[in-house]
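Enquirer: The following block contains the structure, expressed as structure tokens.
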């Protein structure tokens, strides 16, 4: 393991992660000692509109992947419309490689609770939901405990801290469907229906949960709010880049020495992040990587100096996504990896629209055949065309996410495919797995 | 194309280089369709909410990164749309989706019922590839599975467009089918469970199917019709024919008074299926399962094809030549004419045939003893209101009420009384539900309980003890409030006639509130028979028989002797039966009447036995033909042309579907009349239509509304209860004979009792309850329902519950209740 150089180490900006290593920071007492619920007191003293303006000024962008400006989203909520408003926090973190929200909720759940209260106050919601992934049992337990503690201390419930503001916060565990991370499918699931994406418009800001104005935000977005309230917009903008302000939790996994979450200002490069993570694992050389989870186009070793912000990654032909960086080396096979991802997308497709439902069924089987040494040259053209027929044609982004690794690995690593087809690479799957196939 | 450019809220857009004006909010796919551009689609249906699920209709919209689904995209000012005709991107997207739809679709078109009329097949030809690139294994399911006794599902054919589930939820309100599982395993299915659930689909798919909940809907056939592939099929038609071998004929449904437009498909002289016709003003694109599948009665084995005459020597009916049978009928009627002949044409006639009966009664038989109503026309044992309904029909219904389906959909509020829309007028039910779903129509029902049908209408209930409806109409504040908004409607069912003072109260309420009144009968021929003159107090055209001027008009038109038409009101159905029973009448001329439908079937059959001479015009053997002296076979609806008048008063004309030598009632009556030296001129449908069209407008003043006193409900004592009853849509009706599969979709008969009766009887849900009168008893499993105290509801004519025959009473009567099966049977069991 190599130690990162001091100038790289300085790029760490622990904001959201700052309490993670403090013992028992998930308890309300510890949290309060570490500046907890200070931002809430400050926020309740100002007008909700000023809070929305503050978040707008800070340049905070959604941490769930799309990077939509948070203040703008809050501003879409019609005020004085006589309807109940809802805040729904998307904690259904399920993208392969993504692991920033679950540790946050496990080690610092109160920051999310505090953010939820402030955000609800800003958009005038008296009920907020945290929709947490069903499998994340431990994080959900911590979160429920935190909510209970917050109620006991008067941070939740009626007349919070004497401000006259009421809020109920409900932690809802999903039942294990990746699609429920899509915001409208999440709302359907929360309402008790089958989790499938809704038609937009109407957008959630107008008719979301129970057909009422609803803000759906990612965990990281909401957890950022207390820090912005405490530190101010200018302090927040002092981190990151002009268009991508603030710190970001980069989740590094794969062939690196110290996998984990590294919080740095937006715009840091992979080279620096790998250095922070103690370098590549011995004997491994960087070959390809995902900038923001499996549904973002893969990048290769040549992109190691791409600035990891919304604009930089976009310019490199990919998407910043959830900054879930899976690092693969020269000992990994992009074809095999793509197949594994596809099995995930195929399993998780909700089935609503044709391209995603049928396209994944087809591509998965083609990959199985290629990996069993029975691929043909035409398979590559068919795969490329099928991916093209899914991307941008499916009802929601899940289909796009499934097509993405296919297209990007075919782009960068076509030779790896040909090696299976031409017999240079030994089959990775047995023919038995293809029983019934052509 | 409708001219939308004159409307204010329009936008201009360009589709495939052509500028077009569209209504704001219109969907791109519809605008394109109006221009003649057919964008392929599966999930899209103009009467269902947009889904955007199949992605087949993708088009390119300038400024949009990705192709957009034209079935969900609304138009916008200045939008530039390129369909597959002008955009390679759109064409590629559509071809791609088509390829994906086909990879798991079985190549069983040669054996699939949809083959030849299949949107997938057709659009695969227009949009698909010649060869498949798919070389993997296809998805397979057990095929087919029953989702109800009638509907079969082949899941591997399904393209998951969700038209069926969306129809069931949005239109019918019967959400018994839904998506299950996900990804490529996603499928449509019913709730299946070994331990919970309902009656079972019986296909053994899960466990033994005992816990499965079948697709329990009166409208399930529509899902088969709108399925864009062959995934949903009907047991009745599956594997029977190929669409390209069928001959299609537009037709009108002969079952209820909803007046559905239909399409009847036949091949080699046999009707194989019926489909809902497309009539936006009436049934839109839907029909009910009874209308769709209830047509096998016409090919039942007991169909009468040859006239029958009672042999003087043996006393048995024997086949006879038409000439002999017609002569026997003519002579018998002629001999009885002096004493009097009663005419019971029934409620299933076309307007033309009803007119023939009306004219025959007046000009040949010289009587006004004619009544089409084959049902109770007043409460059991009631002596009041003898002519109440006839007066009501003459004053308030004859000539038209002017209320239409469109009025119902757009009314602010509707009050329903004496009618259970889902069971008795299913298409009116769908239109009420459409109004309710749009959120503007408020529905209030005066009924004994909030049925599932009323719940689906979001109806507010004004709970009534049967017999007490008239009083509620006069005094209940909720009733008055329901009609307070301008444009409100009062919809009255034929059953209100059984409540003394009911129709009088309804007419008065309409006057008082300003609400328009509509009357909904249960049979297709009922409404037309009124205007055709099949009532004892009305001549054709709504002319009162008692008005000399009205009679003179008709005498002139009919070229009858002046003063030949009888000038006093005749007997109604109950009195005709009574007069036949006591020997007053010399003969009866009976059309399509089942004695089991009359107030007291036993008494009716005694009358048929007693009357000296009985002529029956029937399609099949019946309780009437068995007793008749002359039986003259006539044509079922499918073998003749004619016109039904629906509850709105709208004419539903249809032509003959099958070539047939069978004659209409009018043709047979004309032949009898000719033997009695009267030219009836009703042998040809066109001739009747010309004659009806040539009748002068009635100059008679409208008769006075009835003003019978509102009755109070009966007061049951001890172990008694007041009877509430109405027909279920699928029941023992003779037009449903011959189809066990359809009968399997009937709602199981139950006896509904309130908690009070359940407690006093000591029964729970499913335990047997017996309702009895001096006549007999009905035993059914109990269903504990929120009913007024001491009220029991029984289905009128369902398996195990033939109320009129078994109990000899009608709604509002007092019956005795007991737990379990009736005593004598129990005693026999004990003796064993």
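From the backbone N, Cα and C atoms, a Cβ is placed for every residue, glycine too.
What TrEMBL says about a protein is an automatic prediction, not a curated fact.
So TrEMBL has the following annotated:
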COMPBIAS  B:700-716  compositional bias 'Low complexity'
DOMAIN    B:9-87  domain '2Fe-2S ferredoxin-type'
DOMAIN    B:89-128  domain '4Fe-4S His(Cys)3-ligated-type'
DOMAIN    B:246-302  domain '4Fe-4S Mo/W bis-MGD-type'
REGION    B:697-716  region 'Disordered'
Enquirer: Across the domain '4Fe-4S His(Cys)3-ligated-type' (B:89-128), what are the DSSP residue counts per state (helix, strand, coil)?
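Expert: Secondary-structure composition of the domain '4Fe-4S His(Cys)3-ligated-type' (B:89-128): 27 helix, 0 strand, 13 coil.
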Enquirer: Taking helix as H, G and I and strand as E and B in DSSP, count the residues of the domain '4Fe-4S Mo/W bis-MGD-type' (B:246-302) in helix, strand and coil.
Expert: 9 helix, 22 strand, 26 coil
Enquirer: Average pLDDT across the domain '4Fe-4S His(Cys)3-ligated-type' (B:89-128)?
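Expert: When the pLDDT values over the domain '4Fe-4S His(Cys)3-ligated-type' (B:89-128) are averaged, the result is 96.
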Enquirer: Could you give me the DSSP helix, strand and coil counts for the compositional bias 'Low complexity' (B:700-716)?
Expert: 0 helix, 0 strand, 17 coil
Enquirer: DSSP-wise, what's the residue breakdown of the domain '2Fe-2S ferredoxin-type' (B:9-87) into helix, strand and coil?
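Expert: Taking each residue of the domain '2Fe-2S ferredoxin-type' (B:9-87) in turn, the totals are 7 helix, 23 strand, 49 coil.
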